[in-house]
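The annotation transmembrane segment is assigned in TrEMBL to 9-26, 32-49, 58-77, 83-100, 112-130, 136-155, 167-186, 192-215, 245-261, 393-415, 427-450, 456-473 (among others).
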Amino acid sequence: MINSFKKSLIYYIINFLFLFICLIQNTQKNHIALTISIVIYIIFIFYINENDGVTNQIILSISFSVIYTNLWRWTYLNIPMEIKYLIDVISIILTLKILFRFKKYSRCLKDKIVIISLLLIVFSPIISFFNKVDFIDYIMSLRIYIRFLPMYIILSISKNDYKKHDFYFLCGLNLILVIIQSRLGWRDDVSGVFGISNVQGFFLFLLIIYCIGLTRYLYNKINLMLFSIISLVIFIISGIGEIKVAFIIIPVISIIGIVLNQRNYIKLFKIGIPIVFMIIIGFNILVQISPNFKSFFSYDYIGQNIYNYTMRTNDERFYLGRIENIAYTNNYILTSQKDKITGLGIGYAMPDENWYYTADFVPRGRSIINLYETKLYQEYGLYFGYHFSSMNIIYLEGGIIGLITFYLIISIQFLRSFKILKKTNKINYKCLSNASISLLIALVLLMFYYPYLIDINANLLFIIVMALITNVYKLE
């Protein structure tokens with residue numbers, strides 16, 4: 001029997017070969033051959049079982065980001081970016097497999113997160129219908145909200161044990177890509193396997209690595225030297241990629257980690273010194289790459305600078321900043337009490353999920369197919385900037401009910417993670433729980449500032465952690 005890591009490597013090879021074949025066929029404009037390749041790939045997905053289907057879906061998403069998005073950014077090749085929609089096709093196939101094996105998965109109907117998702121599917125069409133949302137826009141936008149629900153259901157009851165080798169492989173792949181991306185140029189492209197201009201998604205992965213290192217140090221599984229090396233690498237990458245939030249959130253997470261794990265507070269003092277040292281190194285790299293940030297943190301102006309950076313737009317291309325957009329939504333778009341409570345309906349405001357690529361293709365003579373164009377996106381377009389805040393999108397489409405739903409899912413996940421942390425004696429489960437709690441804290445804060453909702457890989461990371469927590473929660 002093939003072990004999980006060898007099987008993962010086989011799927012990496014299959015997906016890399018598939019993407020390169022599709023690239024060659026698209027470049028040669030051989031659309032018949034391209035269609036045949038896609039059909040064969042879909043048949044292959046039908047052939048493998050659900051757990052392997054999930055593994056393949058994860059690997060396709062990673063492979064797409066590693067190969068296609070980087071080639072799109074750095075070459076003039078006509079990349080078949082529409083291949084990304086196969087990730088959604090796999091979700092449909094997985095849904096069919098779940099329905100055909102309903103007896104096996106019926107216990108998931110008791111899962112609170114699944115119940116909330118099903119309620120969303122049942123009641124969201126009513127609000128969208130009354131707001132005259134185009135049916136295609138509704139379906140395509142709902143797809144984004146529940147894209148990885150089948151993956152969550154399958155992983156939450158799976159007996160597959162995902163080995164540490166899979167995680168180490170991803171860490172190594174990220175490190176190689178970071179070195180290549182930092183050598184090629186633009187700092188926003190230092191995103192590892194998360195694709196170009198996606199440092200916000202990459203930060204979540206770095207945060208998970210940090211939490212695993214911190215947990216293993218707190219429980220004496222690694223020494224202070226190794227933990228310091230892990231921290232140093234993370235802060236150096238954060239400096240190179242200009243991941244500013246790392247210098248704020250990671251120190252906060254360190255304090256929370258000490259408190260939640262009820263470890264000796266001497267540990268906090270011990271890790272405090274190297275963390276401060278690592279932050280200084282990372283910050284100096286950040287200043288070397290972007291000298292403006294030295295004045296940004298000057299004593300006399302730091303308060304005003306942070307206010308301007310978070311509350312207003314820091315990019316001249318966009319009319320309003322992230323927080324300004326939420327205020328604008330509340331005052332000028334959701335004008336009635338009904339709209340504030342229910343929102344405008346799923347499919348009314350969802351931005352273009354390919355916004356970065358569509359902004360980039362024009363000067364290179366390339367094209368990309370988008371599956372929808374919602375009313376609000378047609379009205380305000382890319383340069384209004386409202387797409388950057390995922391909380392703004394949730395508020396626009398779901399109103400206060402949508403926000404409550406989001407925080408309810410976060411709360412359920414937090415309680416599960418906390419209970420596992422307190423009950424288990426297994427270090428791997430403690431690492432998973434701490435990583436989950438840290439991820440939730442980061443998401444609550446950064447959903448106001450980043451487009452995580454339309455970011456496939458950030459969504460993927462969140463769903464995997466959620467599903468693994470649910471799986472362990474049932475075992476414990």
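Glycine is treated like the rest: Cβ placed from N, Cα and C.
Of the Cβ pairs linking the transmembrane segment (83-100) with the transmembrane segment (192-215) and spaced 6 or more residues apart, fewer than 3 are under 8 Å, so the two regions do not touch.
Listed as Cβ neighbours of the transmembrane segment (58-77) (distance under 8 Å, sequence separation of 6 or more from its ends, same chain) are residues 8, 11-12, 15-16, 19-20, 23, 27, 83-84, 86-87, 90, 151, 170, 173, 177, 181, 184, 189, 193-198, 357, 360, 364-366, 456-457, 460, 464. Against the transmembrane segment (456-473), stretch 136-155 has more CB pairs under 8 A than any other of 112-130, 136-155, 393-415, 427-450. Counting residues 6+ beyond its ends, the transmembrane segment (393-415) has Cβ neighbours under 8 Å at 112-113, 116, 120, 141, 326, 329-330, 333-334, 339-351, 376, 386-387, 436-437, 440, 443-444, 447, 453-454, 466, 469 in the same chain.
Of the candidate ranges 9-26, 136-155, 427-450, 427-450 contributes the most Cβ pairs within a distance under 8 Å of the transmembrane segment (192-215). Same-chain residues lying 6 or more positions outside the transmembrane segment (9-26) and placing a CB less than 8 Å from one of its CB atoms are 2, 33-34, 37-38, 41, 44, 52, 55-56, 59-60, 63-64, 67-68, 71, 77-80, 83, 169.
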